[in-house]
Amino acid sequence: MYKVKVFVTLKESVLDPQGSAVKGSLHRMEYNEVQDVRIGKYLELTIEDSVQDLDKSVREMCEKLLSNPVIEDYRYEVEEVVAK
Amino acid sequence: MRFAVIVFPGSNCDIDMFHAVKDELGAEAEYVWHDEENLDRFDGILLPGGFSYGDYLRTGAIAQFSNVMDEVKKAAQAGKPVLGVCNGFQILLETGLLPGAMRRNESLKFICQPETLNVVNNETMFSSSYEKDEEIVIPIAHGEGNYYCDEETLKQLEEENRIIFRYKNNPNGSISDIAGIINAKGNVLGMMPHPERAVSELLGSADGLKLFQSIVKSWRENHVLSS
């Protein structure tokens, strides 16, 4: 089995009002060293190792559903997991 | 003229939409469940507001893959009028029938209030009963109506006169004050404000009714007068 960790984030050119609110809060807590906060999504997919082309398959899933390419970027990490 | 009001799990403006079309407009309307596989019997498609599939992942993201959306795409290709309001607009964006995407409102608040809109283009099948630059009052009710598209797309929308409604006082941060846009072919309109909630003076405004009247007017011109 594979464990695929997908990170979806807003594109740099897209304002992130939630991230700005969190940054404001951190500054009020006096963590003034924080320059920027961006909020994203984290998804974990467990995928059968019989999949033919894992990268192709994950990329398609990310582009068709898991992220919206108009405003979001994605990246992912793959871990091989020994089935229990 | 016969309208389909598409109902997804989580739609909550479907009854308002049905009422607007059936009772106030006087057209035929039918609720259609999201797993419907044929919309051939309808002349117009209405995607109502709400929280389809709980807005999981992104607004409209899950709805785009429901059975009925293949039929909605077919209807759009065939030139039938397709109107998406609020969550319906979000679904049209996710489906790719309209360009761009929605972000959280700039204020991060859910905003529910009447808004004044400018009718930017009154030469469409959805807006022909309005005057150009007419100011109309239609309520909004959304947390994610902050429209975004890249500069190239915005330029194209402007050049092709595809921005139909603009907010007079931008409530949510939408790029270029956009409240509603149309596709290149001119038969798919997405808008965040709710025209179906503004169909009689009793509701505070009847300005939304003209939108539905425009659709019927255009349909009659193409289907009734010519036959």
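Yeah, the Cβs are placed from backbone N, Cα and C, and that goes for glycine too.
Those TrEMBL annotations? Automatic predictions, nothing curated.
Copied over from TrEMBL, here are the features:
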type	residues	note
ACT_SITE	B:Cys86	active site, nucleophile
ACT_SITE	B:His194	active site
ACT_SITE	B:Glu196	active site
Within a 10 Å radius of its Cβ, which of these active-site residues (B:Cys86, B:Glu196) has the fewest neighbouring Cβ atoms?
B:Cys86
Tertiary neighbours of B:His194 (active site) (same chain, Cβ under 8 Å, six or more apart)
B:Cys13, B:Asp16, B:Gly49, B:Val85, B:Cys86, B:Ile138, B:Pro139, B:Ile140, B:Ala141, B:Gly208
Where B:Cys86 (active site, nucleophile) sits in the secondary structure, as DSSP reduces it to three classes
coil
